[in-house]
Structure formats: C-alpha cells, structure tokens
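Enquirer: Structure provided below as structure tokens; questions to follow.
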Amino acid sequence: MTTIDTSRPEQLAHDAPEPIDAPAITPALSVAGISHCYGRRQALSDVSFNVAPASFTALLGLNGAGKSTLIALITRLFGIQTGRISVFGHDISDAPSDALRLLGVVFQPRTLDLDLSVMQNLLYHAALQGIARREARLRGEEVIARIGLADRVNSRVRDLSGGQMRRLEIARALLHRPRLLLLDEATVGLDVQARADILAHVRMLVAEQGIGVLWATHLFDEITASDDLVVLHHGHVLARGSVTQILKETGAPNFDMAFRGMTEAADRRGRSS
Amino acid sequence: MSTTFLTDEHRKLGFGNYVTCLNGILWREALRFLHQRERFVSALVRPLVWLFIFAAGFRQVLGISIIPPYETYILYEVYIAPGLIAMIQLFNGMQSSLSMVYDREMGNMRTLLVSPLPRWFLLICKLLAGTVVSLLQVYAFLLIAWFWDIAPPLIGYLTVLPALILSGLMLGSLGMLISSRIKQLENFAGVMNFVIFPMFFASSALYPLWRVQEGSPMLYYLCLFNPFTHAVELIRFALYDKVNWVSLAVVAGCTAVFTIGAIIAYDPGRGFARRAPAGGET
C-alpha cells in the first residue's frame, strides 16, 4: 500500500506503520514512530515504514535526509529516543542480541581493517558473531569465491580496489547468514561498472536467498520500477510504497520529477510554517 | 510473532559463542600489535630511557632507605622498576583507547558494536586484549631489566602476574572511559598530557611517598589518592611475593568503577550514542 502526503506530512506522524508487502508475514524490519534529535536539531521525525522479507526497499533521500541516523538506530549504534524498531519481530531495544543476529550491515564509511587480509577480516567478523573458527573459515572461503576474490584471500585489504572492498564488506555482512541486509550508500565513490555489479549482486541475494534489503541511497538510477520505496526528506517520510504506485499517485511522468515535486512542496511548507 | 524464516543459524548464543568472540578479539589485537612493531619498540624504549639514563643520573641524589617490601637497601633503579612497569601499562591503556578513538573515527568500531553479543562483554574483551598486549611488553622490559641487575626473586615473576592483570585492566578501563568522551582523534593528545603525566609524576613511581610528604604534604595527599600510586605499589609488592592489601582494594575498586563507567558511556542510549554521525552523514 502506498502512502503519499505532499500536503500534510505531519499526518504521517499519526499513521501506524504499514507493511509494504504481505501484512500477514512478520516484517523483516519494522520502524514505527521513530524520532531522533541531536541536541536541539531534529534529525528524524516520526518515521514509520516496514520492509518485507525477500524484498528490495530503497530508502531514498538527499544528503542530510536522516538515512545514516536511521541506519545507526536500526543497528543500535544510537539509542532510540522515541518509537520502536524491530527485526523479524525482535525489538532492537528489548532484545538486541536476537535482532542483531538477523541483521547484516554495510555502513557508508569503510569498516574493514585495512592492515588485515581478506580472510582475516572475515574471520574477525565471524568471531564477533560467535561463529567457530573452522566453520568461519569454510564460510569465508565460500563467500570469497562468490565475490570473485579467491586469488586475493591473503592480500591485505588496503591493496584492494574500492569496488572489491565494497564487495568484501557485503560478503562479510552475509557471513553470519542474516535475513535482513542494510546498506547505507554502499556504492558511493565507485565507478559505474562497480556500482552496477554491486547492485546486481544485492538484487540477486533478494531473489535467490530471500533476504530482505534496505538500500539507503540518494541516487535515483539505483531504483527500479518494481522496488519498494521510502522517501525521506529532512527527517520526514514523504512517501512510501512501490515506485509505480508513487508515480501513479503523484501523476509525475518520471520518478525524478515526482521526487522534486514532493521535496519542493515539503520545503515550501517548511519555509512558510 | 512468526519466525518461520529463521533457521538454526539464529538460535540463542551460548557459552561457546562468547569464547569464540573473546578469542577473536584477542587474536585481532595480537595481529594489530604484530603489525605495529614500532609500537612495541617505543613501549620498551620509554621505560628503558628512564631506567638507563634518569635512574643512573639520580642514583646518587635520591637514596632510598629500607621501606617495605624491600628488606635491604636498594639501588634507585630497583626502586623505580615497578613504577616503570606501571608506566608501560599506563601508556598501553591510553594507546588502546587511542586505537578505539581511531577505530570510531574510521568506522571500524561499528563492526564491533553491531555484534549480537552484549556490548559490556565486547568492551571487556577489548580490555582483556589490551591487558594481554601490555603483559608482553612488561615481561620484555623485565627481561632487559634483569641484565641491569634488577632481579626480583624468581617467584616474583609469577606472583606479579595477577597484579599486572589487575593494574592493566584498571588503566585500560580508565583509557576506555576517557575514549568514550573524546569526539575527535586530535583531542586525545591533550588528554594524554592531562592524564598520563599528572598520574605518573604525582605517584610513588619515582620517589617514595614519605619523601613526598617531607617536601609537600598537599602533594603527598594527591599522590595517596592517585589510583596509579596503588597500581605501582601493588606491582612493587607482588614482585617480591607480597600483597599490599590497601593497594589491591583500591586498584580492584577503581577497575570496577572505571569499567562500569566505560560500559555506561558506550551504551547506545547514553554517552556514545548521543553524537551525530561523522563526516556529515545524517
């Protein structure tokens, strides 16, 4: 179901989170009424949406929209001030261990240890997930082969290209076999081919392994018509639903224009209030 | 709630998972230590400069009378050796915190903090790993010091181990607590100057407290309430197979307070969590 309100975004503050996909299934991710402040600055305001299992949901917003703050809240790097977040029904505040075990994350900044080798980075991550060494090595070899780095197993990470590092981060995020994958601006700084490869790889994970994906981005060309979408602007959700539905309801000829229309209307309201 | 998507992979974490995590963090710290050989060398050079140059120069100026745990007159070098051991641990504790600030700035810290294991456990693993690294440095120093005629009884090399672990944990947890409040790497240099040097000089590391009392009663009380003084005394007594119970109590108490403080400070709902993401991300 699509929810768009270009005239009264504050109405969203009172909406219950609506599942984008089948409501009978426990959402992979449920974000309900999340607000967050840094001092007096409001970074997120009553953000609510769901991500269905085995779906690709794009979290679209310009720089400063609040995407990274939201990712930090979902991954419990920040404490939740208002609202609730749950992963497959496990509340991130009340049952963080259960929720985090189902979660794989690729953060916007690189989080690999540059002085460790490809395999050592994977083994360290596996240890943090409590995966025994022998099993970790087996899984590590498997994912390294899958991302095409089998010949670089013992290379130091600092010797890899940007695209290889990103693929390694995605492989690392999948090592503990999560059911939900969060990627925060995962293609920033990569060339066109590397971006396309990574996006195709993540979409393949959704299709073949049934992983739910939340893909935070500010790049329109990473979104396809069949994706679910959450549009975030200055900490408010302006729209959520499928791209097709959003286009239909806004009446815009393409998504670029629909996004501009929504954000400019929101900015005008912000200035006038 | 339906959990039909979940498999055996997602069962509750058990004791074995905790041990695996601890091993992993120890292994990673050891690798990092091996990659930073200059860190090992500088950790040794610092106390050795004090021992070979400072102590040799001051030997004639600062005579040490018979004070516990020593049973005879001792050379000044022998007196300051426990203080220099504690200095190694103090610098190592601060170095570990520096690496935590660096990891946080570079983003590596997130890998640790999104682990499903409890955050208090992860922080304690980091503390233990830092302490193990400091033990390697201390025993290397003791080996070199032995050639300089600083030779405590053989049993002392063993009995000092628990004292070193406890003092290493105390100084590491203090560093961790401080690191939680540091927003940028550059600020840490100032903290080093405001923490390391005052702690080291206002202690019994370089001169016995009774001498300090003669010179300045106020400084004496400052030294007496300095936890670093008690880390030095705990190590000094343990090296001679003795226990300084007051120092043991102070070091154990401070370790508990600093560790709990660091755990609270790194709690997502409190200290660590309050700041906006770095690099303009929001």
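Cβ coordinates come from backbone N, Cα and C, glycine included.
Not my notes, these are from TrEMBL:
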- B:38-269: domain 'ABC transmembrane type-2' (DOMAIN)
- B:48-67: transmembrane segment (TRANSMEM)
- B:79-102: transmembrane segment (TRANSMEM)
- B:123-148: transmembrane segment (TRANSMEM)
- B:154-178: transmembrane segment (TRANSMEM)
- B:190-210: transmembrane segment (TRANSMEM)
- B:245-266: transmembrane segment (TRANSMEM)
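I would like each feature placed in context: is it buried or exposed, what are its neighbours, and how far apart are things?
Expert: For the transmembrane segment (B:79-102), same-chain residues at least 6 beyond its ends with a Cβ under 8 Å from one of its own Cβ atoms are 32, 39, 43-44, 46-47, 50-51, 54-55, 64, 70, 109, 126, 129-130, 133-134, 137-138, 141-142, 145, 150, 164, 167-168, 171-176, 178-179, 182, 184-185, 188, 192, 195-196, 199-200, 203-206, 208, 228, 231-233, 235-236, 239.
Long-range contacts of the transmembrane segment (B:190-210) within its own chain (CB-CB distance under 8 A, at least 6 residues past either end) are made by residues 62, 64, 67, 79-80, 82-84, 86-87, 90-91, 94, 174, 178, 182, 219-220, 222-224, 226-229, 232-233.
Non-local neighbours of the transmembrane segment (B:245-266) in the same chain are 113, 119-120, 123-124, 127, 163, 166-167, 169-170, 173-174, 176-177, 180-181, 227, 229-231, 233-234, 237, 272; each lies 6+ residues outside the stretch with a CB under 8 Å from one of its CB atoms.
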